[in-house]
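Have a look at the structure below before the remarks.
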Amino acid sequence: MRITHNVKLLLFFFLISLLLTVSAGESKCECSHEEDEGNKAGARKYKIAAIPSVLVAGVIGVLFPLLGNFFPSLRPETNFFFVTKAFAAGVILATGFMHVLPEGYEKLTSPCLKGEAWEFPFTGFIAMVAAILTLSVDSFATSYFHRLHNKTSKKIGDGEEQIGGGGGGDVLGLHVHAHGHAHGIVGVDSGESEVQLHRTRVVAQVLEVGIIVHSVVIGISLGASQSPDTAKALFAALMFHQCFEGLGLGGCIAQGKFNCMSITIMSIFFSVTTPIGLAVGMGIASSYNESSQTALIVQGVLNAASAGILIYMSLVDFLAADFMHPKMQSNTGLRIMAHISLLIGAGIMSLLAKWA
C-alpha cells in the first residue's frame, strides 16, 4: 500500500511538470523581457552546477534526522531532536510565509493576467482552502485509525470475556480480570501510540506533497531563468533551502518509523524533485515564457496551495504538537532552547528570501 502511495506521488510530480511545461509555447505578454545569448550562456553554467549541488544538499538534509537509528543522541525522544525539529519547523514556516506565499501573490496579481476576475485575492483563498483540506486529511486519517483501534480492542475484550465466563469459575474469571487490569494501561498506551504513529506517517506524506509541489515549481523556474545574476544568487540559496527543508521532512519521517523501503523512496522523491525540475526548466528554457497566462496561473495556484500546506503543517503538526508535549512543558531549559532554535531557523530562512 505504501508503494502504491509512492507511485501516486511520482505521477503527481510528472503532472505538475507537465502543467508547467504546457505554457512554454504561448505568446509572450508585454511584461516579458528578451535576454541575449551571452546572458543565457552565463546562466547555464550556474544551473548545471546547481543540479548536483542541490541534490547533495537535499540528501544531507533529509538523511541527517534519520541517523538516529545509528546514533542514540539523534533519536526522536531526545532533547536534541526536539531542538532540531523546532529549527526545522521554523524553516518550513518561513518557507511558507516568506518564499512560497509571496511568489503566489506575485504570479496571481501579475498585470499580464487581464480581467476583473483576477482582482479577487485568489492566492490567500487557495492557501486557506489548502490548509483546510490538509486539516481534513489530518482529522479523518486520525479518526479512521482511532476507530480501527477501538474495533480491534473491542474484539479482544469480547474474546477475553467469553474465556472468562466459560466454566472456569471464579478462579479463571479472576485470572482474566487480573490479566486485563495488569495489562490494560499498557494496552491503552500501546494503542494510542499506534494511532499516533499512523497519524505521524500521514503528516509526513502530506508534508512531502507540499514540499514536492514547491520544489518542482522553484526548480523549473530557476532552470528556465535566463539571468546570470539570478542563477548565481539562487545557486547558493537553493542549497541551504533544500538542506533545511530536508531537515524538517527527515525529522517527520524518522518519527513515523517507516520501513527501509518507504524511507528510501520518500528520501529519493524529496532529493531529486528540485534537480529534475532544474533539468526540465533548462530543457524548455528556449521556449518557456514565465509571463504567459498559463504559466502565471499554474505557478501561482501551486505556490498558494503549497504555502497553505506548509504553514498548516509547521504550526499545527510541528510547533503545537511539540511545544505542548509533556516533555517540553516540564523542562524550562528545553523550552527556551526550542524557542531560540525556532527563531534561528525562521530567521535564516527569511534572510534567504532575499535571493530565493
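The backbone N, Cα and C atoms fix where each Cβ goes, and this holds for glycine too.
Feature annotations, reproduced from TrEMBL:
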type	residues	note
SIGNAL	1-24	signal peptide
TRANSMEM	48-68	transmembrane segment
TRANSMEM	80-102	transmembrane segment
TRANSMEM	122-145	transmembrane segment
TRANSMEM	202-222	transmembrane segment
TRANSMEM	265-285	transmembrane segment
TRANSMEM	297-320	transmembrane segment
TRANSMEM	332-353	transmembrane segment
The transmembrane segment (297-320) in contact with the transmembrane segment (48-68), cutoff 8 A, at least 3 CB pairs, sep 6+: no
Seg_contact(the transmembrane segment (332-353), the transmembrane segment (80-102)) with at least 3 CB pairs under 8 angstroms, min sep 6: yes
Long-range environment of the transmembrane segment (122-145) - Cβ separation under 8 angstroms, sequence gap at least 6: 101, 104-105, 108-109, 194-195, 198-199, 202-203, 206, 210, 300-301, 303-309, 311-313, 316-317
Beyond the flanks of the transmembrane segment (48-68) by 6 or more, those residues with Cβ under 8 Å of it: 74-76, 78, 81, 84-85, 88, 222, 231, 234-235, 238-240, 242-247, 249-251, 253-254, 263, 267, 270-272, 274-275, 278-279, 282
